[in-house]
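Annotated signal peptide per Swiss-Prot: 1-21, in sequence order. Taken from Swiss-Prot, the feature disulfide bond applies to Cys30-Cys225, Cys72-Cys82, Cys87-Cys93, Cys141-Cys213, Cys146-Cys196, Cys154-Cys164, Cys168-Cys177, Cys178-Cys183, supported by sequence analysis.
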Amino acid sequence: MGYLRSSFIFSLLAFVTYTYAATIEVRNNCPYTVWAASTPIGGGRRLNKGQTWVINAPRGTKMARIWGRTGCNFNAAGRGSCQTGDCGGVLQCTGWGKPPNTLAEYALDQFSNLDFWDISLVDGFNIPMTFAPTKPSAGKCHAIHCTANINGECPRALKVPGGCNNPCTTFGGQQYCCTQGPCGPTELSKFFKKRCPDAYSYPQDDPTSTFTCPSGSTNYRVVFCPNGVADPNFPLEMPASTDEVAK
């Protein structure tokens, strides 16, 4: 019986080890509530100031993104809307958010047994963010940041309530969206790159914006407002929510 029990426990541990490639901790340091979103796993969670949400991401997860929604109101059924980052009017996101939203993107256990991850401003900016491995290592396995006052300094043509749109969202087309082949930076994308050099500023900004860590031995942390305050022009208190589901 002892052998069978030990074998069962070993098998269970092996299954857990195989299933989850990384734990991702999402923390809200903003002085207002953020409704975190995560797809294709996780869904969504209300995070008051100082709260944390832990996501267990399976091996092989790809095209994954985490973002913060602001100015949300949800009812007890998890339906409502957000000023930025809304994902179809639901608390539990199954699709991507509506720009603008600062994105933490990742793909786990890809070729060469590496995790690939980045901060992207291709969908614009709404909340300052840090994305970091919990145990940094050599090469491109280190913390990355986008904490500039982008909302306050946003060009007038890109400014929207609660955030700053990427020019691809605002104007579309090959020049800004790289829809028909290679394209380079523009004066508007350089606005983002100058302030957040770690982050994607346009769709083909790969060389300076993609980071890697060893897969299976690295966990991650996403922090909204790592410095505690978003920027002087962003409201310190967002509208109260009736959402009681995910407190």
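Using N, Cα and C of the backbone, Cβ positions are placed for all residues, glycine too.
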Protein Cβ atoms within 10 Å of Cys141 (disulfide bond), excluding its own: 18
Between the disulfide-bonded residues Cys177, Cys213, where is the Cβ count within 10 Å the lowest? Cys177
Using other CB atoms within 10 angstroms as the count, which residue among the disulfide-bonded residues Cys164, Cys168, Cys183 scores least? Cys183
Taking all protein chains shown into account, the Cβ-based neighbour count within 10 Å for Cys30 (disulfide bond) is 26
Per DSSP, Cys168 (disulfide bond) is which: helix, strand or coil? helix
Please work out the number of neighbouring Cβ atoms within 10 Å of the Cβ of Cys146 (disulfide bond), leaving out its own Cβ. 25
Would you count the other CB atoms within 10 A of the CB of Cys72 (disulfide bond), including those on all shown protein chains? 26
What residue among the disulfide-bonded residues Cys82, Cys87, Cys93, Cys154 has the most other CB atoms lying within 10 A of its CB? Cys82
Taking only the disulfide-bonded residues Cys82, Cys183, Cys196, which one has a CA atom nearest to the CA atom of Cys154 (disulfide bond)? Cys196
Would you mind ranking the disulfide-bonded residues Cys178, Cys196, Cys225 by how many other Cβ atoms sit within 10 Å of each Cβ and giving me the lowest? Cys178
